[in-house]
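Here's the structure we're looking at; comments come further down.
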């Protein structure tokens, strides 16, 4: 501050009366000092960030008094001008030549709206930017961006409140895309470090913090801007930062454009309508003029967003609608002279009134200190409340995290338990797989053996079929030979019969005896006829057998062992009929294989001891089949043609897994058929069926089976999960003991047995069927509470303050609720909607004795209004005292002069 103290007011202001004007606007009451609140409000109009303004205040107010003198205020203005022109904010910059500062002030057109955004240097220094870039790269950005999840831990490490961190994120995310690039991350870290240094975070991002890459481009290029700035400095002769229409008239007319077009360009560039153009507006006007002259592009009817000067973009909505006259700088100089004289007089007067001023200064200082302390206490109390709220939030968050930790531990235990179970299951499955693999290998070996056995049996079958075919081939000529022999025998027998008839006829002619005898024996004609009929029957039977054997469906039958009949040696008629009596006429078969067997065609003549009595012999007086059965010696009845089955000893497919059968048949092992409709069962089974009707009304008790062997499915489903309790109706109530539709009752007792369960079922329905549930009654809706203004205030019934209406007393006035209130334990879901006693609703949760929310709001409003009135009264009193003091001082000065 020593360097600043050496500079005079003229050196600080560079002879520009604007500094004096700014001072007079802020300094009120001719006290010679600028209060901190007034100076802060005025300096914020410069558009600089709060961080830079705070630094400027610290450099100006070196003593930390909280007030600025005139010289200190000029130093602050000079530093503001340095910051607006991109110079370093330090005391060494006071000696540099800079234009006067510019402030946002709608009362004067001479004050610009602040520096150009494009001209402002970035507040983030290069060394800080390098440090922030290193942090940015350590977070592993994706495509040059960091998401909120990656930036959040870095911001939380600063230990700043969540509200401030949220504001930092909103300010740094300039693109509002939910991600931060390298420049945006640098802005965020810059704001975080500023907040850690107890500097306030702005509500909106200052222009100086906007990265150059995020600043909108202007249609006027930097080269054009530099050229137009030189023209502007030559035109702005009063150095107030603006050019009027008179100053630029000649310059614009030299372009050769029509006056109407120049007027349109002037109206477009004069965005504030103050009749003057700033440096940026002047550059835009010349840009539009050159576009028309060089490219022939007419100016637009209104400015596009990229045409708006950067200095006017922030204050575009605050356009100035009126113009004000140019300030009279000569009058300002005279006022400055008078002010210097007054200062000299005040210095002389200070020697006389030094004690009084020191006391007043002490009082004011103490007052300001007290006020500062009060403000500090208020701020600290607010911070304490915020910290307490944050502490509560952290505690709640910690509790939630503890709960989540407990839940996760439980889930972890469950998962570990499940993993152990799964591991055990896997081990058991592996063991089962190993056993199954061993079984499969054994089954494969058995299958190979079975296939070998099958191939062997197939070969044996083929051999047997070949032997059968060869036997058939041998049988066919034998059968044919047999037929021929039978035909010859039948023809021979016919010839013998005819011969006998002729002989009988001849004998009847000459015989006179009553009992004539055949010439060659005692065999009569009936025996011959019998033998002939037997021969005919045998021929028919042989033909039928030959026809059956010739069919292809009976090729597998075994070879029949038939007697081979050789052609008999038939003697002539003289040899066939012999003279000796009672001899048998026997056809002979000369086959070696059947020589010892009985001849099926041997006809034994009946022993007729008596001769024919009469010549008129009746051959049908006696039954020729009484003595013997002609078919008792059937050669084809003793041998089974299918007895030689080659596969009856073993099943060639027994080892195949697809033809295996269980060792026990579930439908044959049971002793009784449970589905048999026969009525030969005992009365106990009938009664059991009658008592075990699962479909009777109300359900019946299904008695357990007395004998487990009667279950036809026990061998199949005995070990299954549903084998014991599948379709088990044993849990039903015991109501009906008889089944009216029992199919096992015999017809003789069905009427009595069916009539009885029907009567018993009717009785059981009326006695044991459970009653139906009562209909559900909806819960009565809760009555709406009375409005706050109409709440009844209950008076105390008792003088005892402890015996108030307890809203949570469940049994008012009863000592033993169990005895005196029988409805206490009643069913709350019964259909009855009326109760013996109705509870008083006013006794439940009665908070009418306390003030309502509306009353509290009204009280808060009254208190805030009262405090505001007191504050305004104090301010008015202070202003009145200052005014009286100023009047007294001016009167004393006038009287002395």
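Just so it is clear, glycine is given a Cβ too, placed from its N, Cα and C backbone atoms.
In Swiss-Prot, the feature phosphothreonine is assigned, of 112, 535, 781, 834, to 781; the remaining candidates carry no such note in the record.
As annotated in Swiss-Prot, phosphothreonine applies, among 321, 461, 749, 830, to 321. Candidates 324, 513 were compared with Swiss-Prot; the annotation phosphoserine appears at 324. According to Swiss-Prot, of the residues 586, 779, 779 is the one noted as phosphothreonine. Within the list 13, 438, 533, 561, the entry that Swiss-Prot describes as phosphoserine is 561. DSSP assignment over the domain 'EH 1' (15-104) gives 51 helix, 6 strand, 33 coil. Helix, strand and coil counts from DSSP across the domain 'EH 3' (224-314) read 53 helix, 4 strand, 34 coil.
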